[in-house]
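Enquirer: Can you read through this structure? Questions will come right after.
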Amino acid sequence: MFIFNTSEIEISTFLLIGFPGLESFHIWIAIPICLMYLVAILGNCIILFFIKMEPSLHEPMYYFLSMLAISDLGLSLSSLPTMLRIFLFNAPGISPDACIAQEFFIHGFSAMESSVLLIMSFDRFIAIYNPLRYTTILTSTRVTKIGFAFSLKNVLLILPFPFTLKHLRYCNKNLLSHSYCLHQDVMKLACSDNKINVIYGLFVAFTGIIDLMFIFMSYLLILKTVLTIASQQERLKVLNTCVSHICAVLIFYVPILSLAVIYRFAKHSSPIIRILMADIFLLVPPLMNPIVYCVKSQQIRNLVLGKLCQKQS
């Protein structure tokens, strides 16, 4: 620690937090957390393996699903080190540089997941609105270009975060509010002017809201298209193709919106609730997305069951 004056001390280590008051149970809490990480990483790797190896899955929908799996893997691996350190080894300390690097990857992969969910909603609309031209509109080359463009957009969107945080001065306060580093959490510790961080952070949050609005608009268009189908059975069949994506959207956005509501309207609620919601935001989407798509996608489900049956025989 370096002393600037009698009242300000530069912080050389940030402290992350587990569940306050439940420190003696952290080792037991670590068991389900480790299992969730294991299932999430294994599940997303299985999705990527089958999409790469199985020619029947070389379709636009599954290419976008592979992008979602990569985003989920990135989220899991970005938060894994600090979560394990806190709950397994009771080591909450993290250097400012490591913290800033972690928040960059967490925000980057979160933004990428939001973008992929948006792309997938457009994919569902095209597949329903114009099924005969679906594969000619979304060719492999075009899908690659879309994925690259959105990846670049998200890197450029999140890139200012580490630089603006790095220019802040941190003194006196070093206790963060979560089990991992977030931009809005780190900037609150600064004892220098953080207006730029606040404004840019709101801008990034607004881009996420725009993604959600476009997803909602896509489903309005999908619903409008479905209502033109005469047969009720066909309507249900078409809507059933959207169930997996709707589940993925809810799994991703509900924890984020719930956390935002808690911070806005329930500031005096138990910190355990806020920490739990923040952990759900990072743990549940990577865990549930592979399960949802394996259950709802007949092609993936049959491939997984086929491989399991081969091993048993």
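Placement of Cβ uses the backbone N, Cα and C atoms for every residue, glycine included.
Remember, TrEMBL labels are computer predictions, not curated facts.
Residues or ranges marked as domain 'G-protein coupled receptors family 1 profile' by TrEMBL: 43-293. Residues or ranges marked as transmembrane segment in TrEMBL: 25-50, 62-84, 104-122, 143-163, 198-222, 243-266, 272-295.
Thinking about packing and proximity, how do these listed features fit into the structure?
Expert: Long-range neighbours of the transmembrane segment (62-84) within the same chain, counting only residues 6 or more positions beyond its ends whose Cβ lies under 8 Å from a Cβ of the stretch, are 16, 30, 33-34, 37, 40-41, 44-45, 47-48, 51-52, 94, 102, 105-106, 108-110, 112-113, 116-117, 119-120, 123, 140, 143-144, 147, 179-181, 248, 279, 282, 285-286, 289-290, 293.
Within the chain, the transmembrane segment (104-122) has long-range Cβ neighbours (under 8 A, six or more residues past its boundaries) at 61, 64-65, 67-68, 70-72, 74-75, 78-79, 146-147, 150-151, 153-155, 157-159, 161-162, 180-183, 204, 207-208, 211-212, 214-215, 218-219, 245, 248-249, 252, 282, 285.
Remote same-chain residues near the transmembrane segment (143-163) are listed as 60, 63-64, 67, 100-101, 103-104, 107-108, 111-112, 115-116, 119, 183, 200, 204, 207 (criterion: CB distance under 8 Å, separation of at least six residues from the stretch ends).
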Enquirer: Would you kindly list the residues that approach the transmembrane segment (25-50) from elsewhere in its chain, counting only those six or more residues past its ends and only Cβ-Cβ distances under 8 Å?
Expert: 18-19, 57, 65-66, 69-70, 72-73, 76-77, 80, 83-84, 86-88, 90, 279, 283, 286-287, 289-291, 293-294, 300, 303-304
Enquirer: Residues sitting near the transmembrane segment (198-222): Cβ under 8 Å, six or more positions beyond its termini, same chain?
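Expert: Apart from its flanks, the transmembrane segment (198-222) reaches 107, 111, 114-115, 117-118, 121-122, 124-125, 128-129, 157-158, 160-161, 164, 183-184, 187, 242, 246, 249, 253, 256.
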